[in-house]
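Asker: Quick one: structure below, then a few questions.
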Amino acid sequence: MALAAPESSKNLGLSSLPTIAAIATPLGRGGVGVIRLSGTHAYSIACTLTGKSAFKPRMASFCRFYQADGTVIDEGLVLYFKGPHSFTGEDVIELQGHGGMILQNQLLARVFELGAKQASAGEFSYRAFDNDKLDLVQAEAIADAIDATSAAAASSAIRSLSGEFSQKINQLLEQLIHLRLHVEAAIDFPDEEDVDFLSDGVIQGKLEQTQEKIQQVLATAKQGQLLRDGIHVVLAGRPNAGKSSLLNRLAGQERAIVTDVAGTTRDTLQETVVLNGLTLHLTDTAGLRETEDTVERIGIERARTAIAQADMLLMVYDVTRDLEEESTPLQLAEQLFGELPEAKRLLIIANKSDLLNNNSSKEITSISQQEIHNRGYEQVNVSCETGAGIDDLVETLCAKVGFHPPENSLIARTRHLDALRRTAEYLAEAHEQLTVFKAGELVAESLRQAQHSLGEITGEFSADDLLGKIFGSFCIGK
């Protein structure tokens, strides 16, 4: 359930917002189940539920949880976090009972009877954001830590949650604010010699320093986005080229059926793996060819859809048979895909390279590789049978998408990259207005737009529909 334009405690006052509750642990059978409450009435609900008159903040209390008629629902621990010293900034109660959906649902129903409302997806985190306990980057990092598919992604998300990414953005915002102050002062007081920024070079130097730092943060964010999202890789080629065998090699297990019969793979098959720290969302596809088989034809249509949506294409071909006389891998790619994909999006995989056992075949392959290199493409020779070349393939793939995660990488999202790019564009405009046109008012406006774009990252400038979309993607109970 999406969180649509949540009401702000800053507008309504904390006491006007309903007390919310939700199961905070995963659904299903478990040793412990946690129900979280947040709001003005969380404390009184806990007292009524347990028959206790008081709870000490940050102290665990063993209690029984009662129905209205005195029947015991469950027993467990109550933790009380008094606002504003809590995750949400409000009074927060955690009820830790036994796991299992029957007991959890009975306990949650009783909490609702006592006046709490069902929390929307991400509503606890939204209240933390709304009460300045988290900025938007930190709030997103909670979801990213939960959804991390690799150890590197998880540790990067925790660094973002601790505020490292936000600190970089806030430092840049502070620089932009100082730049704007100097520029606008020069506009307002044009007769003052000490603010003649159009000719003294001071503002230009500060602007160029800010541009350089934006590019540094953007480079870090690109790595963070790759860590978070990974890349979607489609394996494509003719039937029996070795696509399914390559998927199995990369996955480290027999995920796809492999036979000598052409057309064995008739549908797309997805597998997610983490190699060299990069998450690869792999899709094996039906071999591309003309066919009268209805089922295979549907599989080929799905393959072409996957190809169109892929971040990276691995065109797998059998070096012993797939290249017709005088044809090259690039010509084969053009035949298979209808047009030659961009070099940054295509990696050519020469399978069964271990079977090149005569000089003429090796010479043809060498000539093909030279043509591939001259046109800016890359080919990796592999053997899916022996595993030779697979490590080279992974390293080449990581390099091709620009994945070189630094030790202290920070998780980032597509919207962060978009905001940073727009900020860089506005700064470039400001630089041009300053150095070419000497137009102070236009410099100030470009800097204002740059500040606004950068502020979107931490939530300083964010529309309600954006906030609803972000927090609506969270788990219930977060």
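Using the three backbone atoms N, Cα and C, a Cβ is placed for every residue, glycine included.
Pasting the relevant annotations from Swiss-Prot:
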- R36, E94, K133, K478: (6S)-5-formyl-5,6,7,8-tetrahydrofolate binding site (BINDING)
- 230-402: domain 'TrmE-type G' (DOMAIN)
- N240, T259, V261, T264: K(+) binding site (BINDING)
- 240-245, 259-265, 284-287: GTP binding site (BINDING)
- S244, T265: Mg(2+) binding site (BINDING)
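Distances, neighbours, how buried they are, the whole picture for these features please.
Answerer: Of all Cβ atoms in the shown protein chains, 21 besides its own fall within 10 Å of the Cβ of K478 ((6S)-5-formyl-5,6,7,8-tetrahydrofolate binding site). Taken residue by residue with DSSP, K478 ((6S)-5-formyl-5,6,7,8-tetrahydrofolate binding site) is part of neither helix nor strand, so it is coil.
The local packing around S244 (Mg(2+) binding site), expressed as other Cβ atoms within 10 Å of its Cβ over all shown chains, amounts to 24.
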Asker: For the (6S)-5-formyl-5,6,7,8-tetrahydrofolate binding residues given in the record (R36, E94, K133, K478), what is the largest pairwise C-alpha separation in angstrom?
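Answerer: Overall maximum Cα spacing for these binding residues reaches 18 Å.
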Asker: Just checking the binding-site residues R36, K133, K478: which sit within 10 A of A286 (GTP binding site), CA to CA?
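Answerer: For A286 (GTP binding site), the binding-site residues whose Cα atoms are within 10 Å come to none.
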Asker: Using CB atoms and a 10 A radius, I'd like the single residue among the binding-site residues R36, K243 with the highest neighbour count.
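Answerer: Of the binding-site residues R36, K243, the highest Cβ count within 10 Å belongs to K243.
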Asker: Mean pLDDT, the domain 'TrmE-type G' (230-402)?
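Answerer: Averaged over the domain 'TrmE-type G' (230-402), the predicted model reaches a pLDDT of 90.
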Asker: For S244 (Mg(2+) binding site), which of the three DSSP-derived states applies: helix, strand, or coil?
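Answerer: S244 (Mg(2+) binding site) sits in a helix per DSSP.
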Asker: Roughly how many angstrom lie between the C-alpha atoms of R36 ((6S)-5-formyl-5,6,7,8-tetrahydrofolate binding site) and S244 (Mg(2+) binding site)?
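Answerer: If we compare the Cα positions of R36 ((6S)-5-formyl-5,6,7,8-tetrahydrofolate binding site) and S244 (Mg(2+) binding site), the gap is 46 Å.
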